[in-house]
Amino acid sequence: MLSAEECLKAIEIMGESFPDAHSSLTADTDFHFLLAVIMSAQTTDKAVNLLTPKLFETYKTPYELAKADINDVMSLIKTIGLYRNKAKYLVACAQKIVSDFAGIVPQTRKELMSLPGVGRKTADVVLAECFGIPALAVDTHVTRVSKRLRMVAQSADVLKIERTLMKKLPESVWIDAHFRMIYWGRYQCTARSPKCETCPLLGICAEGKQRVKTN
Ligand code: SF4
């Protein structure tokens, strides 16, 4: 297992390859960013970004979306997976923001997770991206990269991965670590063909060494 020092070093090396790693979802307000993150579940950010301009233009605020006809929302987001459920979540989320939070996206994980369609990962992404509140959301890329690098135990579930990384890494790098690991998983340590031979982390990566040896 990598030590805390080695984990930090790995995140720094990832930062050299991806110094500007950040969310690829585009949004003009916190509310719209929250909607984009909800829609991005099991869908690419690119697919979400293609439909959001029209959606955001139609529903500028939670108040407008809270009153929306669900069928209108569905037709605006029908190009992404699970759009029926997502449309319901978007409207219900807007309604709760209006009824419980005076139309303002809340800034705590607990409050965010009280919104329909918002799980821990979505809440953490919003906390980090919108409010700069340290959080380390764990998605499929963070899971794969942290396990391959042995930053966390192979048996760790999402919550355990989050807790282990937050313990090993200083709070000041949580947000960067989240985005850098996502980029690392997307472009270097991909699910099917990780580029181990050319990976700058090969020296500290047990899985990479194994893969290079057996190739
Ligand atoms: Fe991923 Fe291979 Fe790099 Fe390890 S050496 S982090 S498995 S790409």
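Glycine is treated like the rest: Cβ placed from N, Cα and C.
No curator has checked TrEMBL annotations; they are predicted automatically.
Here's what TrEMBL has on this protein:
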type: DOMAIN; residues: 39-187; note: domain 'HhH-GPD'
type: DOMAIN; residues: 110-129; note: domain 'Helix-hairpin-helix DNA-binding motif class 1'
type: BINDING; residues: Cys189, Cys196, Cys199, Cys205; note: [4Fe-4S] cluster binding site
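Taking the features listed in TrEMBL, we show where each one sits on the structure.
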{"residue": "Cys189", "record": "[4Fe-4S] cluster binding site", "Cβ within 10 Å": "24"}
{"residue": "Cys196", "record": "[4Fe-4S] cluster binding site", "Cβ within 10 Å": "20"}
{"residue": "Cys199", "record": "[4Fe-4S] cluster binding site", "Cβ within 10 Å": "18"}
{"residue": "Cys205", "record": "[4Fe-4S] cluster binding site", "Cβ within 10 Å": "22"}
Chain-mates of Cys189, Cys196, Cys199, Cys205 with C-beta within 8 Å of site centroid, [4Fe-4S] cluster: Arg148, Leu149, Gln188, Pro194, Lys195, Leu201, Leu202, Glu207, Gly208, Arg211
Sort the residues of the domain 'Helix-hairpin-helix DNA-binding motif class 1' (110-129) into helix, strand and coil with DSSP and give the three counts. 14 helix, 0 strand, 6 coil
Give the mean pLDDT for the domain 'Helix-hairpin-helix DNA-binding motif class 1' (110-129) on the 0 to 100 scale. 95
